[in-house]
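As given in TrEMBL:
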| type | residues | note |
| --- | --- | --- |
| SIGNAL | 1-26 | signal peptide |
| DOMAIN | 40-116 | domain 'MANSC' |
| DOMAIN | 138-230 | domain 'PKD' |
| DOMAIN | 235-285 | domain 'BPTI/Kunitz inhibitor' |
| DISULFID | Cys309-Cys321 | disulfide bond |
| DISULFID | Cys316-Cys334 | disulfide bond |
| DISULFID | Cys328-Cys343 | disulfide bond |
| DOMAIN | 365-415 | domain 'BPTI/Kunitz inhibitor' |
| TRANSMEM | 441-464 | transmembrane segment |
Amino acid sequence: MSAINWVGVFLPLLVASLLSLTVTQAQNFGEECLDKFTLGKPDFILDTDDSVKDGATFLASPNVSQWKECVRACCMQPKCNLAFMEEADFHCFLFDCLHKQSYVCRFIKKTGYVNYILSSVSKEYLEGHNFKPDSDKPPSALASLNRVVQPQETVTLGGIESKDDHGIVDYKWDLVEGSPTVQLQKTDLDDQVVVSKLNEGTYVFRLTVTDTVGQTDSANVTILVLTKEQSEDYCLVPHKIGPCRGSFPRWYYNSGLGKCEKFLFGGCKPNQNNYLTEEDCTGACQGLNAESTHLGRGVFPPNKCNTECSSSQFKCGDDCCLDIGLECDGQTQCSDGSDEASCTNIKNKFGRLLDIDIPKEKVRCTEPPVTGPCRASHLRWYYDPYSTQCHQFTFGGCTGNNNNFKSDEECSAACSGVTQADVFARGQFERQDSGDSNSGAIAVAVLLSVSIAIVIAVMGYCYLKNRKARPRRQPVAVNDGSSTLSTAEDTHRLVYNSTTKPLH
């Protein structure tokens, strides 16, 4: 048989084999992808406005014809952990719900929507625990948020928001990744350390908390110390509104003026010079200017071709890698124009999300109570949709949420009719509500101290009245009220609890 005949016989077989292998690999990828996602509570929609305000990132809205295609599209996005669909029209929306190791997506009850959450994220942030009612629950470690800083900056890390039903007795910080030359110095606060001698690179610190019976839990904090090249991306590039037309207050570093300034972000396709708070922006960029940091490579590095693109790069249609901050910036960077090709679709789909009419009046009542990282002690009320009652908790004074009322009456009026059916995930409520069993003791302590103060005041009154009734040869010293003041201070100390447990 001639060579031509051999080719005629085996070429179709080879092509068929390759096609079969490709189909098999695609099927395997699809099944593996679906196995990584968990079906969320049906008939809930993402509260896009509040979620993006808190740091959620809208990634894409691919055209699909079924939910499996929507989830598979999420698998293709390295940072995607939420895929949800409008069932009637098969509109698919992909989001990253994590910001600085916090889950920031919020959901509201609305018929006609289905959502799928990356299983690892669901387990970490949303799923509840099956603890026995009378058991001593393990502690829940909650550490400071991730930080981005310049070399040689000092960073204070804390774990004041960690919780346990009977109290935490030990806080321990360890370096688990990064240069060992870094120094950790404890402060006079049990949960806090100051980190110094930070050189360029990534550091991971672990907080381990221990409760009264020796149970432990841990949480990690990442500190990124910027290199000069990273500082250009995080601090020196111009601020970017993006193609979407939302209105989200953000901060960027103005290297010309050497300070952080506020701007309105459109809601999608940001660059790295985009911060939720002025504090985050200042911490990352303070002291930088274009002259001292510029590397002579332009604002962005040139495209790299025929190489694997990283999660911080956009892959052009010609297999070149582009800095992801340049996607949808209004200027074509890829030779095939793919970096600007989908921007109009993204803008329209995001606008559709913002235009959906959702009932937000009661959503505050389904949020877990948040003490926050500050160390003040304010008694507030929160609504528990599982008991349909309002309860007291200690608010630290900052970074809370709207389930925070100054009185029981205000709380009850605002949240009347809200039940557990309105809650998307019980796990978030459990994590913030883990100190309930100890709150009764705290409340008793507060009442007892107030009662003592009243008794002392009455006794003091009777004593002074009796002294006045007696004949006096010389003036009597006026009571300076020091006992009452001391009791008030004791009351304040009893009200504040470093484990920040809700009070009933």
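Quick reminder: no glycine exception, Cβ is built from N, Cα and C everywhere.
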Checklist outcome for this item: Its residues classified by DSSP, the domain 'MANSC' (40-116) shows 15 helix, 30 strand, 32 coil
Item to check | Count of other CB atoms lying within 10 Å of the CB belonging to Cys316 (disulfide bond) | outcome: 20
Checklist entry - Under a three-state reduction of DSSP output, how is Cys328 (disulfide bond) classified: helix, strand, or coil? => result coil
Checklist entry - When DSSP states are grouped into helix, strand and coil, how many residues of the domain 'BPTI/Kunitz inhibitor' (235-285) land in each? => result 10 helix, 16 strand, 25 coil
Next on the checklist: Using DSSP, what is the helix/strand/coil residue split across the domain 'PKD' (138-230)?
Outcome noted: 3 helix, 47 strand, 43 coil
Checklist entry - Counting every protein chain present, what is the number of Cβ atoms, excluding its own, within 10 Å of the Cβ of Cys321 (disulfide bond)? => result 20
